[in-house]
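Only one structure is covered here, and it is reproduced in the block below.
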Amino acid sequence: MTTPALLPLSGRRIPTLSPGAASFPHHRATLRLSEKFILLLILSAFITLCFGAFFFLPDNSKHKRFDLGLEDVLIPHIEAPKGAKHPSGQVVIHGQGGHDEHRHREEEESLRDKIRVDHERALQEAKEKLRKSRDELRAEIQTEKSKVVEDLKKKKEVPKPLPPVPMPKMLGVNDGDSVEPDVKEKRDKIREMMKHAWDSYRQYGWGHNELKPLAKKGHSTNIFGNSQMGATIVDALDSLYMMGLHDEFKDGQEWIEQNLDFSVNAEVSVFEVNIRFIGGLLAAYYLSGQEVFKVKAVQLAEKLLPAFNTPTGIPWAMVNLKSGVGRNWGWASAGSSILAEFGTLHMEFVHLTYLTGNPAYYQKVMHIRKLLAKMDRPNGLYPNYLNPRTGRWGQHHTSVGGLGDSFYEYLLKAWLMSDKTDTEARKTYDDAIEAIERHLIRKSNGGLTFIGEWKNGHLERKMGHLTCFAGGMFALGADGSPDDKAGHYLQLGAEIAHTCHESYDRTVLKLGPEAFKFDSGLEAVAVRQNEKYYILRPEVIETYWYMWRFTHDPKYRQWGWEAAQAIDKYCRVSGGFSGVKDVYSSNPTYDDVQQSFFLAETLKYLYLLFSSDDLMPLESWVFNTEAHPLPVLHLANLTLPGNQAQR
């Protein structure tokens, strides 16, 4: 006879037959009868045992019969000194003993009757279940499952109402056309590249976090856990909107309305989910005015808050969206949190408090700032690692590239986003940049300005592609610099832009490597094989755009166009765009990943580079570290809870 398979049902298993048993109806009938008989016997024995235990065990008033938390009902009061308290918390008063004893006997009898009725009902229901056929049971189970699913859907469809808040003035959302034909032609080419990247993802990876453009299927990494959260959709929305790709934007919006669910059992990076998802959803909301984006951003933000439940308030690097359990990356120094991760929450969290009226978001990020302000900093530098349990620095490694970069960026942008009223953020930024200039910024023998990395008292003369964003940051922060140093920082931004352009120009593909060195006679060139790849990163183009906005020097558009042509030539494939493993090889191999940030950042910065300054003016918008624009909040005219200093 065919062995029964097992079907899980809410933690239980019920027997079911494999398809091969269908041709043996007599076996099936025999099996059903024997199963029912055995189950009925077991159930009857169990109920008999329960009744026997309840009614025939000795009735000693000094002992509990059940520990159901009903001591007042099931434990008659014991003689006690006058005014003494019974374990239930009631005071026992002499002279009322007979009346109380009679009352409690009646309550005991009533409870016994209730339990007897419940047991009889349960027995009757069990008998009825056993009379049903397997198909009837399956149908009943499916009905219950469907009911649970519908109930869950109804709960999801009724999100918490958010308070109405005034929308900041939206300037430069639909402008940006250039009057120069050649510039417009380049801009249209970037839009076409965006459409190719999006359409490929739409066709081959829809709903997945990212795309494998050669394999033509979905892709994900551990920063999103094991979930399919449509990272590319959320990351690309504002780019689509800016580029006038409104049908594509609408497709993305519909997917988010119907499918984006954060109640998944997935362990995600707090930092990555904040900058890509919360930043992307908030930007889409401010650009389009569609309420769904705001609601989804707030739903996700609530899921991130448990990450801050640490002894110091410094959040864990990862959090499980379902359980709220957090932990740090195994490779981080001594279980530390990372500066660029816990220091890159301020912009999004301030907007969350603004939109919801919930002060928790603002308070979390301000607590981080205050804690860091109290700590000693070696040579005035912020190490990349901080232990969230002890509040102590990990290894003394400082970088303006990976692990450190966006912490400095968000200090400056907190000031800009506050309409330049958050002077504490500006002062912290200025002090940090002064220490970086003193200890990390050097000129190579060939005259290239670079930003090295500080490791345990030693400067490593290596610069990462990620560090190239700093050229744009220095330019963005030039206005407002102390001691009339605006010109100095604009020049420093130009020098970093030049160095990073050299890292592109000195490769075969005219695309920059992941990291490049300045020693042993080699300058702005990658040495190690594992640093020669290009994964569609945006930081160099980001700096070109900021430098263009502040100087209008045509070389920045020229350099950006060189990069766009190289990407289109060497990274474009039929199924999208892929990173390459060696920018020094004339016949490179692909890594087969179309990163979500390629649509969010790289193509957006290229599009802005060939648009007029009317599109997303920097006086009104501040871009988060994933290039999602958030409006300047005129904090002098509004109150953030607990933000008296900025009013």
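Backbone N, Cα and C define each Cβ position, glycine as well.
Annotation comment: TrEMBL describes Glu272, Glu514 as active site, proton donor. Look at TrEMBL and you will find Thr625 tagged as Ca(2+) binding site. The coiled coil annotation in TrEMBL covers 116-147. The annotation disulfide bond is assigned in TrEMBL to Cys468-Cys500. The feature region 'Disordered' is assigned by TrEMBL to 157-182. If you look up TrEMBL, you'll see 37-57 marked as transmembrane segment.
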Query - For Cys500 (disulfide bond): intrachain residues, at least 6 apart, with Cβ closer than 8 Å - result: His465, Cys468, Gly471, Gly512, Glu539, Val540, Thr543
Query - Tertiary neighbours of Glu272 (active site, proton donor) (same chain, Cβ under 8 Å, six or more apart) - result: Ile223, Phe224
Query raised in the report: Whole-number Å distance between the CA of Glu514 (active site, proton donor) and the CA of Thr625 (Ca(2+) binding site)?
Result: 18
Query raised in the report: When neighbour density is defined as the number of other C-beta atoms within 10 angstroms of a residue's C-beta, which of the recorded positions Cys468, Glu514, Thr625 has the lowest density?
Result: Glu514
Report task. Would you mind giving the whole-number mean pLDDT across the coiled coil (116-147)? Result -> 72
Requested in this report: For the region 'Disordered' (157-182), give the DSSP counts of helix residues, strand residues and coil residues.
Outcome: 3 helix, 0 strand, 23 coil
